[in-house]
Each structure stands twice: as structure tokens, then as C-alpha cells.
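Trainee: There's a structure below that I have some questions on.
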Amino acid sequence: MQLDPRPATLGLLLLCAAAAGAGEAEELHYRQGEHRADYDREALLGGQEEVDEYVKLSPEEQHKRLKSIIKKIDLDSDGFLTESELSSWIQMSFKHYAMQEAKQQFIEYDKNNDGSVSWDEYNIQMYDRVIDFDENTALDDAEEESFRQDKKRFEKANQDSGPGLNLEEFIAFEHPEEVDYMTEFVIQEALEEHDKNGDGFVSLEEFLGDYRRDPTANEDPEWILVEKDRFMNDYDKDADGRLDPQELLSWVVPNNQGIAQEEALHLIDEMDLNSDRKLSEEEILENQDLFLTSEATDYGRQLHDEYFYHDEL
């Protein structure tokens, strides 16, 4: 079994669960080697219900809403979308939907509707029961053991020391990367998990976790080579062979900036018809399907979200 050296904290276990179904999703996406555009539309818009809603919009309404979004992306109102404007918009979209998701979760977790989420309510939502554990005793179940770190993060997010988390504190718990007062805790949490020799840094060996090369193999497997490259080129900025606390933070809490820039460049590469490295409204409308299946519109979702397309917002 390959051990992914990425941290399991801060909700990244959800990514592992999603990865478990990646093979099945790939089969659905490329049935018998043929690409399924309808799969893209369903996956990107969020499911059949969202697809049905999208289809109900008339072409005129789609154009109207899309033009409104384009105007909002165009920060300097010069009639063109630059890489910087597209990147900033995509990052804002990421944050908006993360916050919206956290707000919806808050409602679901707050079982007694008292305006706060208690630790017991969080347990019940996650496990259908309250998990009790001794602070100094490891739990047999590895997934439940991860709750020890969740409890610490829960307590750190609770700024007013009340019995539970209000909405702002719950957002800090679910998305500590968005809240300044959680930064130091995130770093310390990562050091506790990965800094095995206690020197305050994470070496390459600690980054790779429990991986040990097969003595019969001539070289490391591909996934290890990829992780080593990430360590050296993405995280270890000062090239000293170890991650200091700030470098560690960029690993534990990935910044969406790089993803947004890549998507912005991709859109310009694909849609820039006159090679001026920026997009006009005409160029976007000429390639409307591509734009609506991109992160720039959160895969078309923004056309149904007044926060994005409403002229007064």
C-alpha cells in the first residue's frame, strides 16, 4: 500500500475518500475510451438536478447572466479580462463557495438550533455518537484517533470559551486557512504529526512518512518521485532540505493561487482568438461552453447564484 505523505489534518481525509472512487469515476468519464461531455456537465454543475436547472435557462438568460459576470471580473472596466483579473475572480469564487458550504454545514450540525455547534453535536453529525477518549490514550480506530486533533482544533477555534462554536468560530474550525488566529495552531498541529525528531522542521524523510524503498527495486516508484519533486520545488523555497514552519504551512494549507493562475492561463490559451493575451466579451461568448465548464464560473454554478450574476451585487 502506498502511504500518501500529505497531512490527514484539516479535512484532507475527505480528499482521500474522494480518491477512493477515482477509478470508478474515470470509467464513467471515459466510457470505452470515449470522452463523455455529458459527464463533464453533470459533474461540473453538481449533479442531474443542477444540470436540469441549467438547461431550463434560455440562451438569452444565459447570455445576460454571463455578461454580468464578465463585467464583474473586469475590475478596471476596460472591456478585457486579463490573467490577473481571472485569477483573482477564481480565488474569490473558491472562498465564497467554501464559506457557503461551511454555513450550510453549521445548520446541519446545530441539532438543537441554539445558534452554536457543540462538540457533542459535531460528534453525532460525524459518527452518530459521542466519542469519549482519554487525552493520554490512543484509540484503536485510526479514524477516531484523528478526532483527538479535531478536538484540539475545535477548542482553538472557540474564541469566547462558550459551550460551542458560533458561525464565525465554526468557519475557523472548518477553514482555519481563512482565519489569522488559527495559523499558529495549524503549524503546530502539522509539526506534531510530521516532525518526528522534534527539531521544529520537516525533513524529506519525515515528509514522505512511512515510505521505505523496496530493497529489490532499482529506483523509487513514480508517486514517490512526484512527492520528492513537490517537496524540493513547491515547498522547500530556501532549498535547505527541510521545511520550516512557513514552508510547512504552504504544504498543510495549500494556497488556491496557483490553481487559479493555471486556470486563468488555460482559458486565455484556449479562448484568446487575436493573441493579445486577454479575453474580450466577444471571445468569451464565442467559446461560452468552455467558459461555463471552467473554474472561472465554478463550472456554470455562478449563473444560478445571485451573488455573482446580479447587477446590484
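Positions of Cβ are set from backbone N, Cα and C atoms, glycine also.
Per TrEMBL, signal peptide is recorded for 1-25. The annotation domain 'EF-hand' is assigned in TrEMBL to 61-96, 97-132, 182-217, 229-258.
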Trainee: In terms of Cβ proximity under 8 Å, which residues at least six beyond the ends of the domain 'EF-hand' (229-258) contact it?
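Mentor: Counting only partners 6 or more residues beyond its ends, the domain 'EF-hand' (229-258) has Cβ contacts under 8 Å with 6-7, 9-10, 87, 90-91, 94-95, 176-177, 183, 186-187, 189-191, 194, 200-204, 207.
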Trainee: Please list, for the domain 'EF-hand' (97-132), how many residues fall into helix, strand and coil according to DSSP.
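Mentor: Within the domain 'EF-hand' (97-132) the tally stands at 22 helix, 2 strand, 12 coil.
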Trainee: What residues in the same chain, six or more past the boundaries of the domain 'EF-hand' (97-132), come closer than 8 Å to it by Cβ-Cβ distance?
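Mentor: For the domain 'EF-hand' (97-132), the sequence-distant neighbours (Cβ-Cβ under 8 Å, at least 6 residues beyond its ends) are 139, 144, 147, 150-151, 154, 162-167, 170-171, 174-175, 178, 298, 301.
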Trainee: Mind looking up the mean pLDDT for the domain 'EF-hand' (61-96) in the predicted model?
Mentor: 92
